[in-house]
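The disulfide bond annotation in TrEMBL covers 167-244, 188-227, 216-239, 257-334, 278-317, 306-329, 354-431, 375-414, 403-426. Residues annotated as domain 'Apple' in TrEMBL: 1-80. Residues or ranges marked as domain 'Kringle' by TrEMBL: 84-163, 166-244, 256-334, 353-431.
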């Protein structure tokens, strides 16, 4: 195949590295040849500038150093050095894991203390024996290993996960691959820029979502990973990432009681707080909805059991009462101290059932619209993408999915969880202005 197939390409990026070599080349393929033939250091990546036709081979990649924007530059990184997983027994593993499965730090391959190594960089120059990274120079069937820094243990194996070849589990919420094109072939917009599309997915507000570079991600509970596109006429699009063939790992967190918001609740309560029976998740009667079990295989949407698939305050369900779309469920808490210590009840949060003026100061916890639809969380982009995000309106208290009025509308409102209804005013009345505060 093409020599560039072994590289991941990123346009407009420069990386800072001291260990590099300059070459004159005519194109990217010639530059890749220089990287493959580099003998001054292990070449992990190269930079190519189109105007100057300049080639820089690099000892480091973007995972190891600082990156900058550079319009005329293309960064090519060897995929083998970006992978933090192993294929097969891991003879080609070139990741940076440097401790054993027991947590013992690895000894550097070039050192002779505390153990005199049989496998050294000089004897095995093509085995990637750099620093103290886990490697498999002898094709051990148990996978990558290293000499340890414990004098009592000469070597031990490393806990390197198996590669799933850029596939996703569940709805891809934990997908950390490097696909950066949409299913129609459009290049993804970098998460840390606001052009051509402005958005609220700022890295510092979503540190656990791994919004790196322009890789496809699923930070908001969509059906699968997606990205904003670099096409001004197409705001966003799903990415074509296959589902893993192996079953999703068992978390061990499935709970039969309420802990936190109850997102891991997998009990069998199927009745709401007011006594309404829950509607089955795989039916659309009496209420049509988008929480279809086949679409969300890891949300536990079984039978008509109460669940919390969308990060609500606690588990809920659609009801079999055609006049009440959904309600919260009464789930017993896992820790009784959550309900009060020594019989002293915890004070309930103050709720406001009315608003004053236009409701811009409303800070209650109502999260239902006038028609009974559930509100979408302000930090979520599903089912509706928007710019009314907490970071853009820091003074508007856009918490959870509570009704608010961040833009001076006539009364508090919210985006709805109904894909067919973008937003509605909330089920709130205006306070009697003569009522004492």
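Placed from the backbone N, Cα and C atoms, the Cβ positions cover glycine too.
Less than 8 angstroms from the CB of residue 329 (disulfide bond) sit 269, 271, 272, 273, 278, 306, 314, 315, 316, 317, each of them six or more residues away in the same chain. By the Cβ criterion (under 8 Å, sequence separation of 6 or more), the domain 'Kringle' (353-431) is not in contact with the domain 'Apple' (1-80), since fewer than 3 such pairs are found. The shortest Cα-Cα distance from residue 257 (disulfide bond) to any of the disulfide-bonded residues (188, 354, 431) is found for 354. The subset of disulfide-bonded residues (167, 227, 239, 334, 375, 414) lying with their Cα within 10 Å of the Cα of residue 426 (disulfide bond) consists of 375, 414, given in sequence order. When the disulfide-bonded residues 188, 227 are compared by the number of other C-beta atoms lying within 10 angstroms of their own C-beta, 188 comes out lowest. The disulfide-bonded residues under consideration are 167, 239, 278, 317. Their Cβ neighbour counts within 10 Å are lowest for 167. Counting every protein chain shown, the Cβ of residue 216 (disulfide bond) has 25 other Cβ atoms within 10 Å. Closest in space to residue 188 (disulfide bond), of the disulfide-bonded residues given as 167, 239, 244, 334, 414, is 239, taking the CA atom of each residue.
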